[in-house]
Amino acid sequence: MAVYCWGNTAHGELGLGGIEDEQVKLPLKMDWSHADDVMQAACGASHTLFLTKEGKMYACGNNDHGQLGHETDTLPNKRPRVPIAFIACGGNHSFAVSKSGAIFGWGKNTFGQLGLNDLNSRCYPAQLRTLRSLGVRYISCGDDFSVFLTTEGGVFTCGAGTFGQLGHGSCSNEILPRMVFELMGSKITQIACGRRHTLAFVPSRGKIYGFGLSGVGQLGTGTVGNYSTPQIVRGPWILKDSEVTGCDETQFTVNRIFSGGDQCFVSTLGCADSADFRVYDKSTQILSLSLEMSTELAQIGTDETVELDLMSAVETIFKSLACMNGSLLLPNDEHYCCTSKHPGVDISAAEQAFDQIRKIERESIRQLIRDSIESELLGALTPSPADVETLRIYLLLPLYHEFINPKHYQKLHSPFSQSVLKLAKNAYDIVVLWWANQSKEYFERMVENFKSVVLYIINFKFPQVVGTDVKQDLRYDAHLVTMLDILAVLYWINHQKRTQKLPYEQFHINEIDDVLDIRHDYIRWTTDTKGVTFSLCNYPFIFNAAAKMLLLQTDQAMQMYMAMHSAPINVISMLCSPAAALAPQYIVLNVTRENIVQDTIRELSYYAASDLKKPIKIKFCGEEAEDAGGVRKEFFMLLLRDILDPKYGMFKSFDESRTIWFTEDYFDSDDSMFALIGILCGLAIYNFTIIALPFPLALYKKLLGEEVNMQDLQDLAPTVAQSMQSILDYGEQDMEEVFDLSFTTTRNYFGELQTIPLKPNGENIRLNQSNKHEFVKLYIDYVFHKSVEKSFRQFHDGFMRVCGGTVLKLFKAHELMSVVVGNEEYDWMALEENAEYKNGYTSSDQTIRWFWEVFHELPLEEKKKFLLFLTGCDRIPIMGMKAIKICIQPMSDDKFLPVAHTCFNLLDLPQYQTKEKLKYKLLQAIQQTQGFSLV
């Protein structure tokens, strides 16, 4: 494509560089380096705009009012923008319209012609936000006024109105675009402006309307003068009522209208459709990626010749932010009005297009795309983009298949992530919302890609010493920090913004503790008082259950060692030194079965908070059993069964959910009991003992400062939660009559029914549509916070006496709950796979084969009874079934039942002669656990 120019060049408006003549009388071809790339050009009084195929705008000419959009008035100068679809020039001002209807104006604004609600001229493009939602497609400008044509065929004008050129029935200036009401009801498809007049074409009527200055007849009304409202232009294309409307050779149809200075032109056709300025000619638009182009690229063979134009287009598109941001948009103008909730990208088409790019066989094309993205595209990303449309790149790039390959992290993943993290707040919030609204598959792909990069960097930068089990210590790496930071963003989006959430486990990097010594990393993290040390513990979501339990064990060892030694110690050497285990110290609790609660309170009162970090041993009075773990399990079970007995009245039980919650009313003397349960909960964590504490997840949320919600009410009291949800779901205006509720709740206070206001004066506030959300929120707050404030505080203080360290920051509420009470994510095959056999048994023995056949045939409840029989608990640790290593040894006499040693998960299994007898004896044995459950 060539560009020719002629006319006045006194201000350089022809972009011919150092030409000496001020006039070019014949068309002259521009030799400007980007002239062949020009898709559109627009001329003002003494300046010119160019739009190139890569989406860049260039300007030259007079810049007295900033109409060039930059500070200099030299030869053409580029100014990268959003994906521009149309450019226009007025006398001394300029406009650009983006693909999705954003309008940018700059230059002279003395009369408000930029529509920015002021009279300040601009030397840089400023966005005209008032028309964004109307979908402006075309702009025409006069000397000091501007006319906007919308998708719906509406016309808006602003600027100087001295001669009525704005069409509002007056000669006033307008600093905000205002609709021309005289044209309402008519769909305008063309507008054209002269120096001080305006034309508009209505194809349904075949009429052209003009308004403004007509001193020399430029409105075509047959008279001279000024007209401030639209007047019909008299021309031969106007049909009289008596004329036939069918097509014949003598009929005129308006093709296009033109206006400039004080002149107007109309081109006519026969029976053909008129031009529609709202529809862009594809040949004038910047290049963009499409599904068709991607498919064409994928079909090129490895040895096939590639057209130079296609290669040039590919390079241009993948180097240009404007081209990429204008690519793969929703069809039929659905991409208009790009907002934080509506990016306008056709994600389905984008996924298909990038899937085709993945299939490209020609290496030169693959390399060209990768180099263009890495060398140009990513480097063009800025923290403060000009418009929301420029953020579409953050939706498109994660679909690029090379993001799957972690080897490119330095040139691809890291620059992309850094650009996201450096975005200004508004832009960052928009990208976050867009990502949050993507499909599960899209979001999961992003998470997995960045997880793979983290693991790749760790393996590459901190390789394990060959031939040893020595793990590397973590050191600071800028790329690793960036990857972890972007994963943290995705994690936050997933749990705070997304409706269809990925499971927490999706963010775990399971191999992390196989490669790095996370214990040393944890110690550095806990000893960093200023919070400046780089540590994986700042990203706890990457740790799986096994890693977190390892860190909990590390914390336990640290706390216990510190409790045993008052002198300063080297904690790292303590973990690695076998000498540390030579002098174990314990909390020894001497209790009786008859007064286990009072005895435990008495015994614990002898110890300081630091002592509670030590492991505990239980001594039942008059019994000789050595506590190797089994006695401790029994102690917790008996103690909790006693404390939770209804005779104390400390907790309310909810039969529907089989959970308990703190009671609202108790005697002050019970404070120590709540504190005791908190201490026991902490001791169970630090002694890695699962206890049957039937609190809902809300308890652990409160301990960790997480917000409780409707789901927590559902877990505690399903029927009540259903009632609250019905309030939220009810949409009729008769809510006050139907529900007849005020902002109060009731409670039974020692047999007396009391009314409790949920807020001040709540008894006089009626529930209605406008306050129903507040009512439900206050009710949930009352149940979980206000009503149990004192009792929970006692529990919390007791718990924190044991677990008041930084280790809790690593856990989420559901993980902490699993540490305390275990979970029910059973994997029975893993129990068999991890089993060990001793004293003569092997996995191939007939008795062992029968045992596992019988076990796997049992219903779930019987399997849980076996687990309780074997371990003392029917739930499994947070680390899963693999953490329960069952050991089976033979017994000589098959007349006996199987015997379980719960301290060691050891099963004595007689060598029964038949499978039927083994099943009978096993079922008899596991029934012996009845009565130990708290329920």
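Think of each number as a place in line: the chain as shown, counted from 1.
Here the Cβ of each residue, glycine as well, is placed from N, Cα and C on the backbone.
Residues annotated as repeat 'RCC1' in TrEMBL: 1-54, 55-100, 101-152, 153-204, 206-270. Summarising the annotation, TrEMBL assigns domain 'HECT' to 608-935. According to TrEMBL, the feature transmembrane segment maps to 673-700. Per TrEMBL, active site, glycyl thioester intermediate is recorded for Cys903.
Within the model, the repeat 'RCC1' (1-54) carries an average pLDDT of 84. The helix, strand and coil residue counts that DSSP assigns across the repeat 'RCC1' (206-270) are 0 helix, 31 strand, 34 coil. Residues in the repeat 'RCC1' (101-152) partition by DSSP class (helix H, G, I; strand E, B; coil) as 6 helix, 23 strand, 23 coil.
Residue counts for the repeat 'RCC1' (1-54) under DSSP, split into helix (H, G, I), strand (E, B) and coil, are 3 helix, 24 strand, 27 coil.
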